[in-house]
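*Asks:* Below, the features straight out of Swiss-Prot:
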type	residues	note
BINDING	GLN109, HIS291, LEU292, ALA293, ASP294, GLN295	ATP binding site
ACT_SITE	HIS316	active site, tele-AMP-histidine intermediate
Amino acid sequence: MRCGPKGLNMIVIDGSQGEGGGQILRTALSLSMVTGQPFTIEKIRANRERGGLLRQHLTAVLAAAEISGANVTGAELGSRTLTFAPQRVTPGDYSFAVGTAGSATLVLQTLLPALMLANKPSNVVVEGGTHNMAAPPFDFLAKTFAPIIESMGPKLKLTLDRYGFYPAGGGKITAEIEPVEKLKQLELLDRGEVLQQNAVALLAHLPRHIADRELETASNILGLAPESTRILGTKNSAGPGNALMIEVQTERHTEIFTAFGKVGISAEKVAEEAAVAAAQYVASSAFACEHLADQLLLPIALAGGGSFTAVRQTMHARTNIEIIRLFLPVSFEISEEENCARVALSTRDRAGVSA
């Protein structure tokens, strides 16, 4: 193992391992800022068609470097190797722009762990994509992810200032973060009964019939009443866009399932994708959908304990676990139950990470 600044060991990461995508880099950046451990990542996004750093990943690197005063090499578009050596995290007011439709929500999620464990509040503005494929949409962040983070202690106020769809981008989100010294441990095993399901067709600068067809298809699959569906039209975006969002409210949790409109894909297919995912979640007894399950791993590891149930565990999540283990003395125990997977943290030091 190489030696990094401040006498700390340089963690070396193979970016081609597991699912080999951008989450490996984002998790490493988050944990490097929190723990102070430097890292080098090689073969960045090796399993993607366009490997190396894209604009979204580069923005996350530069944002993390600014917040933590890091020394960085390899921070350029297309780079497949990066070294990141953080100094001290400085909370405050920050503004970052992806410059494309690359995900603003993923950039924000990269920065959150360090800022929610800082010694002062922060205000972060990120411009880019707010509703695009292969990333959590703003609604998921605000209604599904943020409430769980707040139950761990930090205060997190999220505002959607402007929509950003692929390919125009131009969206804007603001996060107001009040940190805590240490995160509370959570046991997210039982979601309770399903109380309600709603479908929202989001439409920007596109014909209404698209939304009508999506809602009709979703209603047929999920058995939704007319009062449980609505069209949300917006002109507050730089370009056209469409998404169908299914909101599943349970006694203790809300999940959002989203599918995005795309040229060449029928409105019916878009609706089917979101509705089937929602139906699979409802049919399980899991607290978390597979996407939330991946995003719970890091905060639970930082809290030093906790567990949750998920619809299923993915290669994405298993890869994330391996990266977390490089920075923290933890491991996760995964067991299959009747119609869900149970994930629990095990660690040699259950004290957790504090500021």
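Numbering starts at 1 and runs along the chain as displayed.
Any Cβ shown, glycine's included, is placed from N, Cα and C.
Tell me about the setting of these features in this model.
*Replies:* The Cβ of HIS291 (ATP binding site) lies under 8 Å from the Cβ of PRO136, PHE140, each of these being in the same chain and 6 or more residues away along the sequence.
Cβ neighbours of HIS316 (active site, tele-AMP-histidine intermediate) (same chain, under 8 Å, six or more residues apart in sequence): GLY18, GLU19, GLY21, GLN23, ASP294.
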*Asks:* Beyond GLN109, HIS291, LEU292, ALA293, ASP294, GLN295, what residues of that chain have CB atoms within 8 A of the centre of the ATP site's CB atoms?
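*Replies:* Going along the sequence, the neighbours come out as PRO136, PHE145, ALA288, CYS289, GLU290, LEU296, LEU297, ALA317.
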*Asks:* Would you work out the biggest C-alpha to C-alpha distance among GLN109, HIS291, LEU292, ALA293, ASP294, GLN295, the residues that bind ATP according to the record, and give it in angstrom as a whole number?
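*Replies:* Spelled out: the longest distance between any two Cα atoms in GLN109, HIS291, LEU292, ALA293, ASP294, GLN295 is 14 Å.
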*Asks:* For HIS316 (active site, tele-AMP-histidine intermediate), name the DSSP secondary structure in the helix/strand/coil scheme.
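*Replies:* The three-state answer is helix.
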*Asks:* May I ask which residues of the same chain, at least 6 positions away in sequence, place their Cβ under 8 angstroms from the Cβ of GLN295 (ATP binding site)?
*Replies:* GLN109, PRO136, PHE145
